[in-house]
Amino acid sequence: MYSAEFPSSKPAIHVPNWALILLFIAYALPGNIGHAPWRGDDALHIGIAYGMLQDGQWLTPSLAGQPFYDWPPLTYWLGALSGLLFGWLLPLHDAIRLINVPVLALLIVTLRFTARSLYGRESASAAAMLALGSLGLLIHAHEMQPLLLLSACFSSTLYGLVVMRETPSRGAWITSLASAGSVLSGGLPGLFLSLPLWLAAWLCLDRRGMLRLVLPFLALLSLWPFLLAIFAPDYLGNWWSRELYGSAPHTGHLQRVNDFANLVGWFTWPLWPVAGWLLWRRRQRLHEFLYALPLAAAVLALLLALSTGSMRPANMLPLLPPLILLAAGELCQLRRGAANAFDWFGVSTFTLLGIGLWLAWTAMHFGWPVPLSRNVLRLVPGFDPQWSWQQLTLALVLSIGWLIAILRLPFFQLRGAVHWALGVTLIWGLATTLWLNWFDYDKNYQATALDLQRVLTQQQATCVENLGVGDSQRAALYYFIGLKLKPATSSSDRKACALGLMHASGDRVLSELLPGWDKIWEKRRGRGRFAERIALYQRNSNP
């Protein structure tokens, strides 16, 4: 343990395990169960795990019958296994998504243990509270997301490296398994995050210890490619080509550095101000292990996000574990004024957000305030507001619990972190009770899929071509109605389909005059930049 660097005159108050478990359940379960797959990554990755269960092709992930190369299979294996275990109890999409709960638990537990080893017992509670209070983690913790598993494995790698300094053999095994998990969940980015940190292993392992680290890693890492080389060599070649291309560094984000900084700023809030203060205060000692390890991990994650992939929030997830550790190390040492400011900002923010959600809910259901009512309903045309006593009761319990917490919780060094975790749980709880039907109507493709199925039945369709439907929509259509879109072909092809499907979102416009096709059906959803249109076309005889 390296916590001797952190003397403190304040009482070492930590959050009891039972309280942390209850808070974790309140945070993790709502949103991971209780709704159909939502558009975006949730529908996409649930659809791939569902495909494994339907087609039995566990070795080669596929999307609606077509090979899928974007991510390695570990996330889908775990999701499909969860579907097998809990599909009798829950809807299959909920059973698949339920894998997020143990993945989140792994992330938080390893962060707790790492923070405790580096900075002391109180920092362990701080790490857990900061993780639950992180804005960036919230949405992605409640969707099927390979990057969430990558972040949990990355956190486990950091824990293994810390353990290695006291128990080399045990630490080597943990690091090896976690690093292999990073690659099998995230591909080459997982390798980039893990391997440079192995430099710490050279400082505390002899030759036998390095073998314990390297051999299990290589064995686990090579198993999937080895099986592919035997049973699906074409898939292996295509996956490797896509992996090299998708992981190649680029300078696109540097040309939009302000947008990138804004994304990182809100995604890692409130971690980066506290972590940055620690780095400034300890700037003369950043070479020491307890600072150097999380700092190096944060730099690697930042370089990865800056130089690879697209600029989207999910790609920032690997930044969270090292920043949580750095912030946890400093949070317990903040002066009382700074700790109170951190606490006040969280309490004010989440109280106002909670009031706003309640006001908007009354506007949606009872028409007051009138201007707010018009704006809320205008966002989702056609939505019929409904509510249940069960959802309302849960929302009231959450709100009363929040009021009790902010009024009765006495001052202690981690009160601000506790309020942040409770506040995020409150807002998410209100969103998944009061607003669940609203979100489900806006983000759920089930109604659209069923409407399309009726049209396809009338047309006696035997196949439908993909004229521009995204991966998320393809996955949703496959999950809800079993539709497997075929790649577009020319009209002269004997295997050409008589029908084709096109999707457009935001400012994109569906082609009214598509050469060789006549539009026979269209469905519109949302408005503005959230607008979506999906249209079915029939092949005509014109050249």
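For all residues, glycine too, the Cβ spot is worked out from N, Cα and C.
Copied over from TrEMBL, here are the features:
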{"type": "TRANSMEM", "residues": "12-29", "note": "transmembrane segment"}
{"type": "TRANSMEM", "residues": "74-91", "note": "transmembrane segment"}
{"type": "TRANSMEM", "residues": "98-118", "note": "transmembrane segment"}
{"type": "TRANSMEM", "residues": "124-140", "note": "transmembrane segment"}
{"type": "TRANSMEM", "residues": "147-164", "note": "transmembrane segment"}
{"type": "TRANSMEM", "residues": "184-205", "note": "transmembrane segment"}
{"type": "TRANSMEM", "residues": "217-240", "note": "transmembrane segment"}
{"type": "TRANSMEM", "residues": "260-280", "note": "transmembrane segment"}
{"type": "TRANSMEM", "residues": "289-308", "note": "transmembrane segment"}
{"type": "TRANSMEM", "residues": "344-368", "note": "transmembrane segment"}
{"type": "TRANSMEM", "residues": "388-407", "note": "transmembrane segment"}
{"type": "TRANSMEM", "residues": "419-438", "note": "transmembrane segment"}
Same-chain residue ranges lying at least 6 outside the transmembrane segment (147-164) that approach it to Cβ under 8 Å: 74-75, 78, 100, 103-104, 106-107, 110-111, 113-114, 117-118, 140-141, 170-179, 181-182, 185-186, 189-190, 193-194, 197, 200-201, 204-205, 293-294, 297, 301, 314-315, 317-318, 320-322, 325
Recorded stretches the transmembrane segment (184-205) and the transmembrane segment (289-308) touching, at least 3 CB pairs under 8 Å: yes
Folded-back contacts onto the transmembrane segment (124-140), same chain, C-beta under 8 angstroms, at least six residues removed: 14-15, 20, 23-24, 27, 41, 107-108, 111-116, 147-148, 266-271, 313-314, 316-317, 319-320, 324-325, 327-328, 331-332, 346, 414, 417-418, 420-421, 423-425, 428
Long-range environment of the transmembrane segment (98-118) - Cβ separation under 8 angstroms, sequence gap at least 6: 1-3, 24, 28-29, 32-33, 75, 78-79, 81-82, 86, 90, 124-128, 131-132, 141-145, 148-149, 151-152, 155-156, 158-159, 162-163, 166, 290, 293-294, 321, 324-325, 328-329
Top partner of the transmembrane segment (388-407) among 12-29, 74-91, 260-280, 344-368, 419-438 - counted as Cβ pairs under 8 Å: 419-438
